Amino acid sequence: MDKYTAFAQLSAMNSMWLNVQQMPVSSIRQHLSSIFGSISFSCWIILMVPQLVEQWRLKTVDGISPIFLLMWSLGDIFNLIGSIWAGLLPEVIIIALWFLFADLFTLAFYFYIKTVYDKKRNSKHKKQKNSNTVVVVDDETLLLGEHAIHYEHEIPNNESFDSNYGATSDLNTHSHNHNNNNNNNHHHHHHKNHADRRKSQSSTLEDIIYEPENHSIFVKYTLPLLLVICAGTFGSILSPNGSSNSIDSNSIKQQQDSLGPQICGYLSAFLYLTARFPQIFHNYQKKSTKGLSLLFFLFTMLGNITYSLQIVVYRSDYDYLMLNLSWLLGSFGTIAEDLIIVAQFYLYRENDSKINSIV
């Protein structure tokens, strides 16, 4: 998922082989590179959580493009194949497996909402519509639905009707008004409870998830990003092997000459890089980003930025940068595409507000 971590490790191994041949790297650069890499890893670990929460909250997946999900999953499959093929470290393979598991879970949730949940919801709506109708059996019998809100037959105001029918009409009108008053009181009480809950529990995670529009930009976006940065930083500092690597230079040279993993790496990078185009077009067609999580794309941007810094901070000489050029271009390319999607959030914000008011 927008993460070239596994194949970045392969590239980093090649870079370390260059490092053995040429200049040493200062300990400060090593530590900074480790911190940036740890922050990037933290982003990838929780990347799909905001999007899954948004889909679960709205109970819809119409906002996300299925082609986007499929291309992303294919990228992770090549990522995993290349990691195993190259014989990378066990933790790198575990990360690749985690990414693939997150993809499968996201796809399973997507198809569950699209097939099972939507069918159940449509069936429920049809039953409610049928139960909320008025059926006239004869002039003296009137059967009301459970809620008596919608009517299939309007009773005309005609003086030729007998008194019994008129009495029934009055009863129907009284029942309808009574139900409307009860519904209004119920909705008023419901909104009042929500307002009271927001006042008393405005900082709870549940409130932020269910009613994100009632919270500031700091709570919705800035705070989660800061927490991820802090987690990655402390994780790198507390890690005993944060700035060291014990890979044998001979195995690095062998992996550098392995063509298969490199091909998988480039295929993975290509799929990550092009996966956003279907999503951008999907947003453009709908003129809306409803159903997408902005935090999801902010995490991908932060993950790619810190990943690029991990490479550049470690070493910035020409040979090193050229060796890592494919990863840097792929990372910067996805950042540019993420910026387009973030811009769509801004451009279509009024349409999203109208949809929210209707819902």
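A Cβ is built for glycine as well, from the same backbone N, Cα and C atoms used for every other residue.
Per TrEMBL, the features are:
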- 172-184: compositional bias 'Low complexity' (COMPBIAS)
- 185-197: compositional bias 'Basic residues' (COMPBIAS)
- 166-203: region 'Disordered' (REGION)
- 32-53: transmembrane segment (TRANSMEM)
- 65-86: transmembrane segment (TRANSMEM)
- 92-113: transmembrane segment (TRANSMEM)
- 218-239: transmembrane segment (TRANSMEM)
- 259-279: transmembrane segment (TRANSMEM)
- 291-313: transmembrane segment (TRANSMEM)
- 325-348: transmembrane segment (TRANSMEM)
Contact between the transmembrane segment (65-86) and the transmembrane segment (259-279) (at least 3 Cβ pairs under 8 Å, separation 6+): yes
Top partner of the transmembrane segment (218-239) among 32-53, 92-113, 259-279, 291-313, 325-348 - counted as Cβ pairs under 8 Å: 32-53
Stretch with greatest number of CB pairs under 8 Å, the transmembrane segment (32-53) reference, 259-279, 291-313, 325-348 candidates: 291-313
